[in-house]
Amino acid sequence: MMLQHPGQVSASEVSATAIVPCLSPPGSLVFEDFANLTPFVKEELRFAIQNKHLCHRMSSALESVTINNRPLEMSVTKSEVAPEEDERKRRRRERNKIAAAKCRNKKKEKTECLQKESEKLESVNAELKAQIEELKNEKQHLIYMLNLHRPTCIVRAQNGRTPEDERNLFIQQIKEGTLQS
């Protein structure tokens, strides 16, 4: 697919030599042929030239190398043509393998750390729940002790209530406490 800019003709109206100047006959190219090309067309041109050179090198290598009067396999000529590209791919694979291992190790460490944190928080939660139960029991025991003491207490409270008022308030608190629990 080719992008079309304002003022340009469509691809069907233009020959291949007009789009890609390198397809023109040798010696007919001038600087103006390349001056007004867009970056996209320049990139297409660059790839076309590279492909042309690669095809030419591969075909000449196939013609020159034979074993038992048979042409070599395409993979052999490919590795002869671009050993630096194979090396670059190998190094990239190696770096990718190392990066993937590093990522897996990092993920494993993070998972282990989160697991330890979760276990620690569950332990703290269990301790706090036990402490809550212990405090509830202590509260009930203190309310019971206060209830036993109130009938014998003759001291008036600071707010002016009598021990009987306090006792009724205490019974009400016990009822509310049992309803909440």
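The backbone N, Cα and C atoms fix where each Cβ goes, and this holds for glycine too.
Features of the protein shown, as given by Swiss-Prot:
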CROSSLNK  LYS78  SUMO2 cross-link
CROSSLNK  LYS175  SUMO2 cross-link
DOMAIN    86-149  domain 'bZIP'
MOD_RES   THR162  phosphothreonine
REGION    76-96  region 'Disordered'
REGION    88-110  region 'Basic motif'
REGION    114-142  region 'Leucine-zipper'
The region 'Leucine-zipper' (114-142), counted residue by residue under DSSP: helix, strand, coil = 29 helix, 0 strand, 0 coil
Please average pLDDT over the region 'Basic motif' (88-110) for the predicted structure.
-> 96
Would you mind splitting the region 'Basic motif' (88-110) into helix, strand and coil residue counts from DSSP?
-> 23 helix, 0 strand, 0 coil
